[in-house]
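Colleague: Annotations per TrEMBL:
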type	residues	note
MOD_RES	LYS62	N6-(pyridoxal phosphate)lysine
ACT_SITE	LYS62	active site, proton acceptor
BINDING	ARG160, MET340	substrate binding site
DOMAIN	271-398	domain 'Alanine racemase C-terminal'
ACT_SITE	TYR292	active site, proton acceptor
Amino acid sequence: MPVAASIASRSVGPTCHTGKVNSATTRLVTPAEARVDLGAVRHNIGVLAGHAEGAEMMAIVKSDGYGHGAAAIAGACLEAGASRLGTALLSEALTLREAGVTAPILAWLITPGEPLDKAALREIELSAAAPWAIDEIAAAARRTGRPVRVHLKVDTGMSRGGASATDWPSLVKQALAVQAEGAIEIAGIWSHLACADTPEHPANKLQLVAFDEALAVADELGVSSGVIRHIANSAATVTFPQARYDMVRPGLATYGLSPVPERGDFGLRPAMTLVARLANVKRVPAGSGISYGHLYVTDRETTLGLVPLGYADGIMRSGTNRVEVLAAGKRRRVAGRVCMDQFVIDLGDDSADAGDEVILFGPGDRGEPKCQDWADSLGTITYEIVTRIGSRVPRVHSAGVDSVGR
Ligand SMILES: *Cc1c(COP(=O)(O)O)cnc(C)c1O
């Protein structure tokens, strides 16, 4: 069974984790699909590695690999030089294990009462930022007889997760005591930056100062100097060399989306192309009101195309009369309301047929909008667009051109 068995069930052209396309499988026709170029992912990991020399790389594949299909993405990242994977939830990490991924995985967002025995048995590393977390992790380790590798999280100024500076020394002491007993191994010390996407923001340097102080406290209390220290997300990886420490944790940039759009694309290549096939094409007279509420009315006789994707698939309703797609060779704006499952485009007098492909966004090679263009016109960030593409849209992975070389 291919390693990425779980994505194969959702992908029309199944791929294994090495990115080789199973050409024996016939492609099903689906109304829409998100094509993911694993060659682009490997290229992006290469670009990031160039910014992170001397540091390990943990590719972040939370939220189903930012909507790109976590198992296939994990395989491509590991192949291209990432050594670890990161997820938010334990369930996401366990899903990767079930798909056959054997690399170290850190899951950092756990709540009291979760099935941590599974984490111990499947060798998932966990984050801890409070006494209850160390207690529950240690209990799972004792029950299973399997010590758990723990990354202690300190809040250095984001005021989200992590132990406060005040609570940090006692958390470290507690972890050291449990480590002495053999239930956990302190594998890492880590934090997260609040303003990395604004490289000039003064909070960035202040957070490193706070991180260094926390590291010094841990060192004084007797934590091994071998622990992995990590704080950098994508934006910090490409703009803030002092934040690299022992490991970087890029997510967004792995998928080829710019973590600091105002500074360009950093040589990254968008991995996802979202396509749909026209479900209906027809001529309508001038004065035709389109979709719910008639928010678009044709000003002449024209041809309409029906795109079978809607807000249930992550096409935000605020894209009504706003976002553009590439259809019949030109950019077209969504005409009228985005519905749950579909929206309409005005093709003018250009010819098109049902079944023709429309590109919603992609790397831009064929003149299609980029995900960044969608984010700009919707007043959001690319993260939100790719992670909201719904489960009805199959992710189709292709090996792509291997720019990394093997
Ligand atoms: C999501 C996340 C990352 C990756 O962030 P990007 O901005 O996508 O690179 C890294 N670390 C943590 C803790 C995260 O939640």
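Heads up, the Cβ atoms here are built off N, Cα and C, so glycines get one too.
In TrEMBL, annotation is done automatically, which means it is predicted and not curated.
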Colleague: Using a Cβ cut-off under 8 Å and a sequence separation of 6 or more, which residues in the same chain sit near LYS62 (N6-(pyridoxal phosphate)lysine)?
Modeller: ALA70, GLY86, THR87, ALA88, LEU89, GLU92, GLY251
Colleague: Treating G and I as helix alongside H, and B as strand alongside E, what does DSSP give for the domain 'Alanine racemase C-terminal' (271-398) in helix, strand and coil?
Modeller: 23 helix, 46 strand, 59 coil
Colleague: In whole Å, note down how far the CA of TYR292 (active site, proton acceptor) lies from the CA of ARG160 (substrate binding site).
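Modeller: One finds 40 Å between the Cα atoms of these residues.
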Colleague: About how far apart, in whole Å, are the alpha carbons (Cα) of MET340 (substrate binding site) and TYR292 (active site, proton acceptor)?
Modeller: 11
Colleague: Would you report the average pLDDT that the model assigns to the domain 'Alanine racemase C-terminal' (271-398)?
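Modeller: The predicted confidence over the domain 'Alanine racemase C-terminal' (271-398), as a mean pLDDT, is 98.
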Colleague: Could you tally the C-beta atoms, other than its own, that fall within 10 angstroms of the C-beta of TYR292 (active site, proton acceptor)?
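Modeller: Other Cβ atoms within 10 Å of TYR292 (active site, proton acceptor): 12.
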